[in-house]
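Undergrad: Right, I'll just put the structure down here and ask away after.
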Amino acid sequence: MAEHEEKKHEESLMEKIAEKIHGHDSSSSSSSSDSDDDKQSESSIKDKVFRLFGREKPVHHVFGGGKPADILLWRNKKISAGALGVATVIWVLFELLEYHLLTLVCHLLILALALLFLWSNATQFINKSTPHIPEVQIPKEPVLEFALALRFEINRAFAVLRDIALGRDLKMFLSVIAGLWVLSIVGSWCNFLTLFYIVFVVLHTVPVLYEKYEDKVDPFAEKAMHEIKKQYAVFDAKVLSKIPRGPLKQKKKD
């Protein structure tokens, strides 16, 4: 009996020691996991850097992440250079050479039809096969997708204009007025084709340069945004706050 009790006593001591060891391991593992979590949170805070326009995704995802983004960011240099070259040729033809659209289209069709007609008839005399001219058809799905996307953007623009007209957003109202005023000044300097070409060139140069030097541009943009917000706060306190609000905003306050 005494030996049996001693064995039980030894087993209980071993169980207590094992529990203490296990508890120490679990506490150390939890403390290490907590420290790891703290390190991860600190690293995430450090990684959270100011990005232009408050974006959280890469520039490629901001432009949609598809083929248009690849073209604008020069992922495929041949296609991007070709698109920019075609736009430049069109601008030179219509702006510098003062070619008219209808005249250009008619001349191109005359040239293409004459060459194909002569080629098709010449093959009968030189015993060669006639040129293969594929059937061209506009697919239905891309046209519908483009129409739906255009409809969505137009409706969203109408909603924004309605909110501005109802006096719901003074900041947006001032931004739109300033943007339209700038466009009117730019429109007095050049015609629509030149403006479209400038925008096209900017879209093919600024995003790729920003993507390359974003780590240097973002700190300057952060300082500029901070200064703009500071000046806007002063302007709001001295001017905008004294302007009487519309009836919708007064109802919301009541």
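All residue numbers here begin at 1 and follow the chain in the order shown.
Note that Cβ sites are derived from N, Cα and C of the backbone, with glycine treated the same way.
Residues annotated as region 'Disordered' in TrEMBL: 21-42. Annotation source TrEMBL lists domain 'Reticulon' at 68-254. The transmembrane segment annotation in TrEMBL covers 79-94, 100-119, 172-203.
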Undergrad: Which sequence-distant residues neighbour the transmembrane segment (100-119)? Criterion: at least 6 residues beyond either end, Cβ under 8 Å.
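TA: 93-94, 131, 133.
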Undergrad: State the non-local partners of the transmembrane segment (172-203) in its own chain: residues 6+ outside its ends, Cβ under 8 Å from one of its Cβ atoms.
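TA: Contacts of the transmembrane segment (172-203) (Cβ under 8 Å, skipping residues fewer than 6 from its ends): 72, 84, 87-88, 90-91, 94-95, 160-161, 163-164.
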Undergrad: In the same chain, which residue numbers or ranges, 6 or more beyond the ends of the transmembrane segment (79-94), come under 8 angstroms Cβ to Cβ?
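TA: Tertiary neighbours of the transmembrane segment (79-94) are 70-72, 100-101, 104, 193-194, 197, 200-201, 204.
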